[in-house]
């Protein structure tokens, strides 16, 4: 016995020493107050006094300081009831503490080592005291019935003799989460007092919020109650607007004084506090931190989540078929008429005492059956068997009190099925219950004639709401370009019809109809790409967007290769004829099949590039995001619109685009070169090469203008502008090329009809040094020049003959002289 007592005392002493190190005091000689005690172990009527301990807090508080009177009244009621503890008089030894764990440990030491033995204890009320005291009490086999509601107290290894009459703080969390849904808040922050009680509750709250897809943007622990600035600054950096503040009210006072100085209150913030603070708790503020008026201003319109339970009808109250008399019911009626925490704490305290009394009463018979038989006043701190009987009696006791039906689970906590949760708002200097939470349906109902109030008339928002909005092409712009594109397609089809129908006519045949068909086909593909570029893809999946990207780019590239490749082949034929056949008088064999093969060679390159890209390019969808812009139609809600433009890309996009730009660049440079070489060659009857050169120049100019524009940041940030530039380039260049290629032929066909006209090379214009001339003029001029050169040669030859005759005559004279 002495060894166990010494071990337990050392446990208490060490714990108290820890608090002394933090500046607390401890006087082992201080005795606890004893209510209704006498020096005589027996009182009048031969009733045996039995004792329980009491742990109360905050003597100067209007609610907590009054709890001893309520509990003492409950003791008086029990002592005046027949059928409960007959032959015993229940008494309480207690003292008021200031809610500090070290003071509670000091009281426990006094209760255990001075005065009569305690059968059980009532309290503590505060979890920060219970988490310390209730871990020590089992060493003395003292069952503790408390209102402290920390989830940690349900650990039967650490707290085997603790019985919780109050619902756990975690059971409030579903109502808190439901309130987030009710207010349509999806971004919250949590700041809590760094102790085991609030740490566990904050972790549970965070898990429940995230399970409901509410983002917890920050969670901060206050390790030093007097210095919460860093934690609040962190909340500011995270732009936290909806904030859960979980702490005891003395810490909350210091926290909200700092909140007042940092101006983190008002219409932009919603603070949500615990729901069991006493009325006017902020009045306990130390004026060195801030004034009560300043604190009340900072607390303006804050929320809390109070909870309470009560019997529906006082006539239902019974203590195991024992009905309380009317005067006791009148007292309970007065308790139930109170509001908020005042009602909650008093009726819960009353029922806790009734439960202790009935549990002791229930254990009398069981104790008598023990070996050896024992009575309540025989309890000692070493009697583990008797302590077990008392605990089992607590579990088996059931009654209906002012809080409703009372039943303790074997886990050591009371059932929570009749708890009512409310959302209260701080209005007119007090916490007012506005809506009630229904646990079963997870919904709220409004309390009659009560409404939320907002500083500026509207609820605060949970921060800047960024709404992604896929940027789409303006309908008027889309419709306009679709009309022009459709007109271009109609024109394209008309040219195709004329080219096919009159392909055997000399006016059309001489311009190579097969290449004209390829030009038409390429133009159709380019026109079709305009429709695809204008498609609204805001509802497309990533897979659909990627497919659309591949199709659009393929149409553009293959369309360019067909249309302009065929155009360049026509130019190449003209260049070959006039640079080789005419100028060098050589025969040139360029059948249509070779020219078409050249066009499809360019198309084949496109097909190979896109096949490799699609199969191995790993294309994915990325997004271009604009700067958020405020929705001016709802400025108070701080809704910002972010324009999102999805686009296709890949890790190898630069390589593939480089190949595409290179092939198209080579094709364009080839066309420009041919156009320059043939710029002065025309066939007067057909007049073709000049228009082909003009087409190539138009394409080159538009590419030089459009490509840089499309890569500008301002253009890439606006799909309407981007589409307008790209659509304009395609429509204008396409239509211009078609008209330059086909209109002269149509005019010629209309002019000569179906006549079989001849194209004479004698009327062909081709380059000269100074000007263009007809072939006959050029031939005539060349003949004159040749005749002049021939005459000059003949004159020279005659002179040479004369000179030779002179030389020969001179030689003969020399030979004659030599003979003589």
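Counting begins at 1 with the first residue displayed.
From the backbone N, Cα and C atoms, a Cβ is placed for every residue, glycine too.
Values in this document were obtained by computation on a predicted structure and should not be read as measured data.
TrEMBL lists transmembrane segment for one of the ranges 629-651, 721-743, 744-766, namely 721-743.
Of the listed segments 479-502, 767-790, 791-814, TrEMBL assigns transmembrane segment to 479-502. Feature transmembrane segment, per TrEMBL, maps to range 553-574 of the set 443-464, 553-574.
Taking every listed stretch (479-502, 553-574, 652-676, 721-743) in turn, the largest tally of C-beta pairs under 8 A with the transmembrane segment (595-616) is reached by 553-574.
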